[in-house]
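Features of the protein shown, as given by TrEMBL:
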- 1-12: compositional bias 'Basic and acidic residues' (COMPBIAS)
- 932-947: compositional bias 'Basic and acidic residues' (COMPBIAS)
- 958-967: compositional bias 'Basic and acidic residues' (COMPBIAS)
- 19-65: domain 'F-box' (DOMAIN)
- 1-20: region 'Disordered' (REGION)
- 927-967: region 'Disordered' (REGION)
- 186-220: repeat 'PPR' (REPEAT)
- 320-354: repeat 'PPR' (REPEAT)
- 421-455: repeat 'PPR' (REPEAT)
- 522-559: repeat 'PPR' (REPEAT)
- 626-660: repeat 'PPR' (REPEAT)
- 727-761: repeat 'PPR' (REPEAT)
- 762-796: repeat 'PPR' (REPEAT)
- 797-827: repeat 'PPR' (REPEAT)
- 863-897: repeat 'PPR' (REPEAT)
């Protein structure tokens, strides 16, 4: 048939295109194009039409544009869109031919027109173009030939082939071919097509196909439920299952039930649905299916019912590796790691070979139990089965070693990994931080950058924590710069670590800048800033804590438990009882549960505010108490000198399930020392040795202090010698012990040993040394040590000046003592003037005593010690009138002298007496027996005086009497 020529009037209007070689466009090319495109599913045709019209606009096809527009209209006919075909035909054709138009439209309006009739219509037209090869290339590339596809098996095979780069387009093309071929009602093909759509992530087409299916079998329902789960549409999955359950014709199989349980695991309302269906599952025996049974185990574990999960597990005749992994992991999460290990050993006895997931879970259980030998066995199993190439499994193994304090083994394992990723580096880095190897952590972090890896937020958070511990401010600034460069600064973990690092390095201004930049409405960052201010402890920063908390409340940010814990620490530092009570009230207002952590903070807060009764009320309200709560109460009693109450509470602890630890015994030993009860202290020492805690530094320091207060410096030195490690606190304790017993030379010798062993003394060390020199009358040595302290860069504190004033005034060098006071950089407190006043009492310098007393009273008018010392000086000089005036002034100012106190322990019962006290139940018998006690005491005293006169150098030792006088 001849090709169609363009009408003459159209040729006159045309702009002559560039001269090209005219090639004939064969009819078979166009017919092949139409036959291939006509099988497309309608949603894909928009892409086809766009590409086709782009081809029409080419200058090379300018002369044949009218024919091609008609061809495009035929495509719409093939796709049963007559409206679009008419629009294309009458608006896009430049040369309307009435005869041909009527002929084609009549055929196109026939809704059931077949491909043969379209081909007949196309053969009426012909054209010439210079781009036949270009059109042919376009057809061959975008529309592969499908003329040979006829049967449903071939369609099924095509759907199961790997999709192209655009799987949705591929499935749409095949879907269109299925519709044109008349298989659009085939359930088998629709099931496969629906599964293909879901795998490609196109659930819209899958759902439309499902809704339009005339017949649905069990595979159809199972495929749809599984498809929804695969794409995270769990609620829709349950809706489909319920629709199936209401209209079911066949009994469900294991596949649809397993998909149903999987959806219930991710939906809150699915819990009740599983319980409603579990009777059917157990009655039908599906609980013995490996897929359904494994998902049931996971469901029961999520509900916290591990016993039901174990029943289902034991009833399974066959168990897959997923089943074992689910059960082992469930026991580990429930805190029953030892059962996880037992299951693993059962697994090893069966024929199931453990995979990487099981080994990772068992390693986590060994980590929780700190079961090093078990972890080594898992390590051997990993090497035996060749799992060392699995980087994720090796990372779990490294984490096991570092959490079991086997850092060197973890590092050797890490160094042997050729495929170490950033997770491997971060795990080792975190291990160094957890084991306080902060310098090694900094070196490792530098190695990450040298190897070209990019540290993530976890690596940056770990290294910033190490910088905070080492006060490595400059290195921390470098890490901060890297986080900004790597765009990690807005992460909450990194920001929290930055604030903590700057706060611990005493750079609160920089911490505040980070907070103001990234704070926003994140309660974690508010907690970090509040903690940073409260840690510093100065008045300004402590008040800033509550300003930040006020800003937090104005922004309607709900405070967390950590917020209140930091606020309680700040109020305790301010010793504000009213503020602590307000914070306690806010905790109730915000519904913060009084758990163990909150109770410990409240007890500490009230104890530091001198309200031990409130602390005990909080303690008694706790239904469950762990050892931390008990220790908080012990510490509060000891801090407030309620030593008897601390000992009584310890008796209650022994009746509970909790067992005392090193912190408990440290408080108990301190209480025994405060009571000067050597026998009780020795009993606690025996318990400490039985439990193997004597090498703990806290215990050693408490024992040193206790023996010193009980008048046994020899035992204190034995405890010092037996210490496994001696820190500066330990050395300070033994030096103070010698100082309290007037052993000045021994205290100086211990200072020399301390410095020879490389321990740098601090300001507390020199308080003990100067006190020893003062008690021992070593004036020149004291002055020398004061100069040594200045050379070491230690600024003198109030305690140092008190010791030096006491040293000089006891030696009669009152003028030098006064000059030293006047040279103090700050205003001297009352205790410094009181030390000078005590020295004046020994020398009898009334004039200087009056000046020192007036200065001390001006600094602390409520202190009775200054009045008492001045009154005693007047009395020693026979100035009874002046002494009486001082007593009257005390009475007028309302100053009350604390009465002396003594106590005695008989049959584990402590009896306390005050001056002129008649409140004791046996006071009458005691006062009646006073003359009988006084007579032998005077006889003994006279014998001691005669012995001392006969042998002046003889020193009488204290027999560790049970009577003690509190000054």
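Any Cβ shown, glycine's included, is placed from N, Cα and C.
With a threshold of 8 Å between CB atoms, the same-chain residues lying at least 6 positions outside the repeat 'PPR' (797-827) that come near it are 763, 766-767, 770-771, 773-774, 777, 779, 782-783, 786, 789, 833, 835-836, 838-840, 842-843, 845, 848, 859. On the 0 to 100 pLDDT scale, the model's mean across the repeat 'PPR' (320-354) is 82. With a threshold of 8 Å between CB atoms, the same-chain residues lying at least 6 positions outside the repeat 'PPR' (626-660) that come near it are 596, 599-600, 603-604, 606-608, 610, 612, 615-616, 619, 667-668, 670-672, 674-675, 680, 687, 910.
Long-range contacts of the repeat 'PPR' (186-220) within its own chain (CB-CB distance under 8 A, at least 6 residues past either end) are made by residues 43, 152, 155-156, 159-160, 163, 167-168, 171-172, 174-175, 178, 226-228, 230-231, 233, 250, 252-253, 256.
Residues in the repeat 'PPR' (626-660) partition by DSSP class (helix H, G, I; strand E, B; coil) as 26 helix, 0 strand, 9 coil. With DSSP states grouped into helix (H, G, I), strand (E, B) and coil, the repeat 'PPR' (762-796) comes out at 27 helix, 0 strand, 8 coil.
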